[in-house]
Amino acid sequence: MSDLSSFIAALPKAELHLHIEGSFEPELMFAIAERNGIRLPYGSVEELRSAYAFNNLQEFLDIYYQGMNVLQKEEDYYDLTIAYLKRIKADNVRHTEIFWDPQGHLERGIPFSTQIDGILRALKEGEETLDISYRLIMSFLRHLSEESAFDTLAEAEPYLQEIYAIGLDSSETGHPPEKFARVFAACKDKGLKVTAHAGEEGPAEYVWQALDLIKVDRIDHGNRSLEDPELVKRLAADQQVLTVCPLSNLKLCVVSDLNEHPVPAMLNAGLKATINSDDPAYFGGYMNDNLNALQQAVNLDQRQLVTLTRNAIDGSWATEERKQVLRAELKEICQAFSVI
Ligand SMILES: Nc1ncnc2[nH]cnc12
Ligand SMILES: [Zn+2]
């Protein structure tokens, strides 16, 4: 634990990049598999956890899609989501914006309503009982077709009041944002916010496409933007929010060592970086773990930690009223820790 760990713990956090299926802890996965009569190809929780060694994004995704196969009923989606909310309460996360991948479940025959009803029931309960506000982001799988994304949007039609934004995730290389320009235009026409994973493994060109062809409201990851000085200028000028995920980057070999992580360079370039956990059950840490690990690796100071926290509050899609509450809490914590 760093000297700053109690400061990190006290910060009122907003998490903007979290895949609910990536919060599936092995213990819960085994319990749900058992009650659904599904056999996992692992003998124990320990054996499953020991499979979490990845050389790249695809190796992770193969295990991630296998894990979500045990989700079958509305209560499974509820249990998954409420477990995540209870866990982040301990990290003082006050607002969360979660992705879910409906196509990963529709493909297995799980109705759209089963998925979203369970997730929303937990999110609403978490807002009431844990005081964690939320937004739900429906994400398209980019390894699937444009047509499949349009079909998924049609499935979502009755729920558009409950879905705040649309994302784009899964295997990045070979699946550029341009493949989905038309479906994202349709989403924007419906008044949805849009975001896309870009520049995680894929090149800076994919970040340009996310900005210019998808017209994203923010960028998920964005690490490789730093390879292109013109892109950095553009992101800074637009004050584009980047939802960065340090432990994810380490586990997926996007960085070879956390001390080479680009967050300090992003902040120095005036980019609106935020810290997030991505798939915490697979990558070894929730929000405080990410902040502590990064703080120690690159020696972040209190001022930088406050900037990252403020960026997340400002860059969130929480209501203005909620943002004011979180900003006031941040101010109080800064005073309590004598941070100017
Ligand atoms: N880090 C990540 N990148 C792309 N797709 C994902 N789906 C879940 N986690 C992801
Ligand atoms: Zn992600």
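Here the Cβ of each residue, glycine as well, is placed from N, Cα and C on the backbone.
Quick look at what TrEMBL annotates:
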type	residues	note
DOMAIN	12-331	domain 'Adenosine deaminase'
BINDING	His17, His19, His197, Asp278	Zn(2+) binding site
ACT_SITE	Glu200	active site, proton donor
SITE	His221	site 'Important for catalytic activity'
BINDING	Asp279	substrate binding site
Integer Å distance between the CA atoms belonging to His17 (Zn(2+) binding site) and Glu200 (active site, proton donor): 13
Neighbourhood of ligand 1 - recorded positions from His17, His19, His221 with Cβ under 6 Å: His19
Cβ neighbour count within 10 Å of His17 (Zn(2+) binding site): 28
Cβ neighbours of Glu200 (active site, proton donor) where a neighbour is any other Cβ within 10 Å: 24
Closest of His17, His19, His197 to the residue listed as 'substrate binding site', Cα positions, binding-site residues only: His19
Check: same-chain CB within 8 A of Zn(2+) site center, minus His17, His19, His197, Asp278: Leu18, Gly22, Phe99, Asp169, Asp220, His221, Thr243, Cys245, Ser248, Asn276, Asp279
Neighbours of His221 (site 'Important for catalytic activity') among the binding-site residues His17, His19, His197 (Cα to Cα, within 10 Å): His17, His197
Number of other Cβ atoms within 10 Å of the Cβ of His221 (site 'Important for catalytic activity') across all protein chains: 27
Of Glu200, His221, Asp278, Asp279, recorded positions neighbouring ligand 2, Cβ under 6 A: Asp278
Which of Asp278, Asp279, all binding-site residues, has a Cβ with the fewest other Cβ atoms inside 10 Å: Asp279
Site with most surrounding Cβ atoms, counting all protein chains shown within 10 Å, from the binding-site residues His19, His197: His197
Confidence summary for the domain 'Adenosine deaminase' (12-331), mean pLDDT rounded: 98
